[in-house]
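First the structure, in the form of structure tokens, and then the observations on it.
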């Protein structure tokens, strides 16, 4: 080291060698040290990256959604955690045909989900009934006749990339919501399901059906004889001869 350098110059050389960026200086500006936000933005920011879907797949559209679980698409990066119980889910993905007999079960699952909750109608069969509604009287022609739908995803079936696009659009909707205006969209009434209570009723098996004409035993004289059998006496006489 050059002995002609002053101690101050030597100190500056050492600081520049050990820490080229220099010592960080804390600014006194308020905007550089405090994050200002609203309660709506903070609440929505926490929810839009933690959507927990309930997968309600009934037909071939669900196969495309199952492809998202693999490593090629990896839907976990969006914070999607599939749930098997509606009480821990806030997103209902309906994929496939919904029949009249299945409609009360779907509505009951939707009612068991806590607020706020969202619904994605995936596929043509879910949105309009699809090809199964052409000749069938039991297919529901649009799941929005049963439950409110937040996002429609057309296709037969939709590609996994389209499902990603639907999730991104739903995240934008969640990010623009307001806590004060949420009561306008909350569910205030039940849909087509009734109270699931067990009531004691009288037995319907009273035996009256046995008195019907169709339940009576047909006599042997009224039965149609297919083959005329010979009498037993005739058989014995032929054996003796």
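Quick reminder: no glycine exception, Cβ is built from N, Cα and C everywhere.
According to Swiss-Prot, the features are:
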- 60, 61, 125, 156: [4Fe-4S] cluster binding site (BINDING)
- 220-241: region 'Disordered' (REGION)
- 222-241: compositional bias 'Basic and acidic residues' (COMPBIAS)
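Same-chain neighbours of the [4Fe-4S] cluster site beyond 60, 61, 125, 156, judged by a C-beta within 8 angstroms of the site's C-beta center, are, in sequence order, 59, 95, 96, 97, 123, 124, 126, 130, 155, 157. Annotation note: residue 125 ([4Fe-4S] cluster binding site) sits in a helical segment as assigned by DSSP. The Cβ of residue 156 ([4Fe-4S] cluster binding site) lies under 8 Å from the Cβ of 61, 123, 124, 125, 130, each of which sits 6+ residues away along the same chain. Counting only same-chain residues six or more apart in sequence, the Cβ atoms lying under 8 angstroms from the Cβ of residue 60 ([4Fe-4S] cluster binding site) belong to 96, 157. When Cβ neighbours within 10 Å are tallied across all protein chains shown, the highest count among the binding-site residues 61, 125 belongs to 125.
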